[in-house]
Amino acid sequence: MEAKVDYYEVLGVDRDADARTIKRAFLKKARALHPDVNKAPDAEEKFKEVNEAYSVLSDEQKRANYDRYGDPDGLGGFGGAGVDVSDIFGGFGMDDIFSSFFGGGASGGRTARTAGRDMGITLRISLAEAASGCTKTVAYDRLAPCDDCNGSGCAEGGHVTTCSRCHGTGRVVTVQRTILGQMQTQSECPVCHGTGHSIDHPCETCGGQGRTPNHETVKVEIPAGVHSGQSLKVEGYGEAGIRGDRSGDLIVRIDVQEGERFQREGDDLYCVEDVTALEAMCGCTLDVEGVLSDERVSVTVPAGSQHAQHIEVEGYGMPRQGSHARGKLVVVLNVTVPGDLSAEDLEAIRSIAAARGERVAGAKAAEQAEGFFGHRHGRAASAKPKHKK
Ligand SMILES: [Zn+2]
Ligand SMILES: [Zn+2]
């Protein structure tokens, strides 16, 4: 942030103004400056300034930082702890919200639309969160019912009456006589813009729409076992309707981040575990980290297991939605050869191999080969795949 503009000055409010006052001041200025309404050359620039001032002063954390340090980001920390980052989809950026608000709302189109639209956001969660289920607080912007008039669009003492022109239908029918007979055309009522109401004293904050742009936070309950691409609906948290009409819903699309440890196939989880060749030959028991926090899974590796072999453990995969069951955990073995055996260990193994008629080199030949290839031990160690932090 370079130029030091005073956000309070931009909105024309006192430094101790409360949230409502700030919002009212912002809406009044923004409504007058919105590019859809104001065609003056500097209107857009001013609109941006007002918008920036409001985005800081309407956020408690940013405002506190701005007051204390003169910078909404404070001393480099990010504010808004505990709130999840979400992506809005379906064209619901702040610009679109402003356009709906300032650009005349329902009167813009051919068909009157007074109910609010559904809105969509994407919420990213971790695999562990998907496994256990969780509650997330997401933040987004929407047109919300106006606080000052409770969504009615009416100032105190004002009245909503049925539009006298269209008698509340929001549409007018014009009849024309043509040589083919009478032709009827229906169109939006020019008096009430299709809402069917008229207001004698509209609310100043929302300009009679009954809704205002608002920074919203909402808690979303995410069920255990949720899949990527699945959508959850939060009823009534989409765009608010005009003058108390039905609000749209908030559609939360889940994006599960799998991370490095597990790969998910349906409700099954795959993970790779290292075992040494000796462990694979003789069999062993692994203590493996599960997907739920603090979950440990005991995995029996049978004697004679092969590299890349799958060992399935029922009931330790992802929860199956709508039941108490879980998928399976599939452990994929990564067999590694120990490179640090002592001369005595090697001799013991050599005698077993020789008795089996396997093509092993004698101690002398092995020594020569080692000298020839150089750092045999070092190579064996680095060939071990990086795994387990
Ligand atoms: Zn009307
Ligand atoms: Zn209002």
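Counting starts with 1 at the first residue shown.
Just so you know, glycine gets a Cβ as well, placed from its N, Cα and C.
What you are looking at is a predicted structure, and each value in this text was computed from that prediction instead of being measured.
In the three-state DSSP scheme, Cys146 (Zn(2+) 1 binding site) is classed as coil. Feature annotation from TrEMBL assigns Zn(2+) 1 binding site to Cys146, Cys149, Cys203, Cys206.
For 6-70, the entry in TrEMBL reads domain 'J'.
Sequence annotations record features per position, and here TrEMBL assigns domain 'CR-type' to 133-215. Residues in the domain 'CR-type' (133-215) partition by DSSP class (helix H, G, I; strand E, B; coil) as 0 helix, 41 strand, 42 coil.
As annotated by TrEMBL, repeat 'CXXCXGXG motif' applies to 146-153 (among others). Taken together, the residues in the repeat 'CXXCXGXG motif' (146-153) have a mean pLDDT of 91 on the 0 to 100 scale.
Long-range contacts of the repeat 'CXXCXGXG motif' (163-170) within the same chain, counting only residues at least 6 positions beyond its ends with a Cβ under 8 Å from a Cβ of the stretch, are 112, 114, 188-192, 194-198. What TrEMBL lists as repeat 'CXXCXGXG motif' is 163-170 (among others).
Residues annotated as repeat 'CXXCXGXG motif' in TrEMBL: 189-196 (among others).
Tertiary neighbourhood of the repeat 'CXXCXGXG motif' (203-210): same-chain residues 23-24, 27-28, 31, 101, 105, 145-149, 151-155, 158, 240-244, selected by CB-CB distance under 8 Å and a gap of 6+ residues from either end. What TrEMBL records for 203-210 (among others) is repeat 'CXXCXGXG motif'.
Here TrEMBL flags 133-215 as zinc finger.
The Zn(2+) 1 site is defined by Cys146, Cys149, Cys203, Cys206, and by the 8 Å test on Cβ atoms against their centroid, the other residues of the chain that qualify are Asp147, Asp148, Asn150, Gly151, Ser152, Gly153, Cys154, Ala155, Pro202, Glu204, Thr205, Gly207, Gly208, Gln209, Gly210, Arg211, Thr212. Counted with DSSP, the domain 'J' (6-70) comes out as 45 helix, 0 strand, 20 coil. Around Cys206 (Zn(2+) 1 binding site), the same-chain residues six or more apart in sequence whose CB sits under 8 Å from its CB are Leu27, Cys146, Asp148, Cys149, Gly153, Thr212, listed in sequence order. Proximity of Cys203 (Zn(2+) 1 binding site) to non-local residues of its own chain (separation of 6 or more, Cβ distance below 8 Å) is seen for Cys146, Asp148, Cys149, Ser152, Gly153, Cys154, Ala155, Gly158, Gly210, given in sequence order.
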